[in-house]
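The structure appears right after this line, and notes come after that.
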Amino acid sequence: MNLKIGVIKGDGIGPEIVTEAMKVLDKVGEVYGHTLDYDQLLMGGASIDVHGVPLTDDTIRRAKECDAVLMGSIGGDAKTSPWYQLEPDKRPEAGLLKIRKALNLFANLRPAVLYEELKGACPLKEEITEGGFDMMIMRELTGGLYFGERRTVEENGVMTAYDSLTYNENEIRRIAKRAFDIAMKRRRKVTSVDKANVLDSSRLWRKVVEEVAGEYPEVTLEHMLVDNCAMQLVKDPKQFDVILTENMFGDILSDEASMVTGSIGMLASASLNETKFGLYEPSGGSAPDIAGKGIANPIATILSAAMMLRFSFDLDAEADAIEKAVADVLREGWRTIDIMSDGKSQVGTEKMGDLIAAHIA
Ligand code: NAD
C-alpha cells in the first residue's frame with residue numbers, strides 16, 4: 001500500500017519525537033511491504049520563522065492532498081519566545097485552530113491506556129487498576145458550548161453572561177457513527193455520556209445516538225450521566241471501551257482519564273473528519289523545558305502513528321504490531337526519564353525509538 005503522510009514536526013520537542021515515530025513507521029513499511037511517502041509541512045513557530053504566519057494556505061492545500069497528517073506539537077515558551085509578541089491570530093496555536101477548521105476535524109479521539117508495566121504511575125488503588133485498562137474517549141470538537149453564541153451584558157445594573165450550548169442532529173449523528181465504527185474495531189461497547197436529566201441538547205444527543213445504535217447491532221450501547229461518568233472513571237475504569245460525548249464534557253473527562261494513566265509522554269490522540277483523513281498527534285505540548293535535550297518520551301507520538309495506521313489506513317495488524325512493540329519495550333524495563341522508576345533502564349528519545357522499531361517484526 002502507498003501511504004501519503006503529511007508530517008508536521010512542529011516546535012520544541014516536536015522534531016525529536018516525530019523523527020522517532022517516522023523511524024517506527026519506516027520499519028513497519030519495511031516489514032509489511034508498504035511505501036511511505038512523507039510531505040514535510042510547516043506549522044506553528046516553525047512556520048512563523050519562515051513565512052511570518054503559523055499556517056499558510058499552501059500548507060493546508062498540501063495537507064488535504066495527504067491521506068493523513070502526523071504532527072509533533074507546536075508552540076514555545078510564552079514568556080521568552082518572540083512568537084508570543086505577535087497578535088494572537090499570528091501566534092503558533094492559531095495554526096492549530098486553523099488547520100482543525102480547514103480540515104473539518106470534528107471528532108477527537110484520546111485513548112487512555114494503563115500499561116501493566118506503568119501502573120506505579122497511576123494514582124488509583126492497585127485493586128482498581130489490576131490488569132490495566134484501555135478506553136477510548138471520543139469527544140465532539142467543533143460544536144457545543146465552546147462554539148455557541150456568547151455575550152456579556154448589563155441587565156438592570158447587574159453584569160450577566162450568556163453562553164449557549166447548541167447541537168443539531170446531524171452533528172450528533174456524524175460523531176456517533178464514528179464512535180460506533182471505532183467500537184467495532186475494539187470491544188464493541190459505547191458509553192454515551194450526557195446530562196439528559198437536565199439539558200435539552202443532551203436529550204437530543206441521547207435520541208440520535210440511540211438511532212445510530214440501531215445500525216450497529218453488534219455494539220452494546222449504554223448511557224451515563226456526566227457526573228456519574230466522572231466518578232466511574234476513578235472507581236472502575238475497566239468498565240469503559242469507547243466513551244462518546246460532547247465537546248465540554250469530553251474536554252474534562254479526557255483530561256481526567258489521561259491523568260489516571262500516568263505520564264503525558266504516553267498519551268496519543270487523533271482528530272478525524274467524515275472521511276478516512278485524520279490528524280494524529282501526542283496529547284502533550286512542545287515541552288520547551290526539555291526541548292533539544294534528547295530526553296523527551298516519543299511513545300505518545302509513536303502510538304499516535306499506530307492510531308493513524310488503524311483509523312486512516314485500516315492497517316490493524318500493523319497498528320497492533322506497534323502497540324505490542326511499545327508494550328514489549330516497557331516490559332523489558334526500558335524507560336525515558338518521565339516514566340523512570342527504580343530498577344529500570346533509562347534511555348533517551350532516540351534510543352527509545354530504536355528499541356521500539358527493533359521490536360517490529
Ligand atoms: P507541555 O505538555 O508541553 O509540558 C508539560 C510538562 O510535561 C512539561 O514538564 C514537559 O516537559 C512534560 N512533557 C510533555 N511532553 C513530554 C514528553 N513527550 N516527554 C516527557 N515529558 C513531556 O505543556 P505546556 O508546558 O503547558 O506547554 C508548552 C507549549 O506547548 C506551549 O506553547 C503550549 O501552547 C503548547 N501546546 C501545544 C499543544 C499542541 O501542539 N497540540 C498542546 C498543548 C500545549
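Just so you know, glycine gets a Cβ as well, placed from its N, Cα and C.
As the structure is a computational prediction, the values presented were derived from the model and not from experiment.
What TrEMBL says about this protein:
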type    : residues                                                                                               : note
BINDING : Arg100, Arg110, Arg139, Asp227                                                                         : substrate binding site
BINDING : Asp227, Asp251, Asp255                                                                                 : Mg(2+) binding site
BINDING : Gly285, Ser286, Ala287, Pro288, Asp289, Ile290, Ala291, Gly292, Lys293, Gly294, Ile295, Ala296, Asn297 : NAD(+) binding site
DOMAIN  : 4-356                                                                                                  : domain 'Isopropylmalate dehydrogenase-like'
SITE    : Tyr146                                                                                                 : site 'Important for catalysis'
SITE    : Lys195                                                                                                 : site 'Important for catalysis'
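Asp255 (Mg(2+) binding site) is 9 Å away from Arg110 (substrate binding site) when you measure Cα to Cα. Counted over all residue pairs in Gly285, Ser286, Ala287, Pro288, Asp289, Ile290, Ala291, Gly292, Lys293, Gly294, Ile295, Ala296, Asn297, the record's binders of NAD(+), the longest Cα to Cα distance measures 16 angstrom. The most densely surrounded of the binding-site residues Ala287, Ala291, Ile295, judged by C-beta neighbours within 10 angstroms, is Ala287. Non-local contacts of Asp227 (substrate binding site) by the CB criterion (under 8 A, 6+ apart in sequence, same chain) comprise Lys195.
Filtering Arg100, Arg110, Asp227, Gly285 by Cβ distance to ligand 1 (under 6 A) retains the following binding-site residues: Gly285. Looking only at Cα atoms, Lys293 (NAD(+) binding site) sits nearest to Asp255 among the recorded positions Arg100, Arg139, Tyr146, Asp251, Asp255. Under the three-state DSSP scheme, Lys293 (NAD(+) binding site) falls in the coil class. Each residue in Val226, Ala230, Met248, Phe249, Gly250, Ile252, Leu253, Ser254, Glu256 lies on the same chain as Asp227, Asp251, Asp255 and has a C-beta within 8 Å of the C-beta centroid of that Mg(2+) site, without being one of the site residues. In the structure shown, the C-beta of Arg139 has more C-beta neighbours within 10 angstroms than that of any other entry among the recorded positions Arg100, Arg139, Lys195. Ranking the binding-site residues Asp251, Asp255, Asp289 by how many Cβ atoms sit within 10 Å of each one's Cβ puts Asp251 at the top.
Remark: Asn297 (NAD(+) binding site) has Ile17, Ser263, Gly265, Met266, Thr336, Ile337, Asp338, Ile339, Thr349, Met352 as non-local neighbours, by Cβ distance under 8 Å and separation of at least 6 in sequence.
Mapped onto three states, the DSSP output places Gly285 (NAD(+) binding site) in coil.
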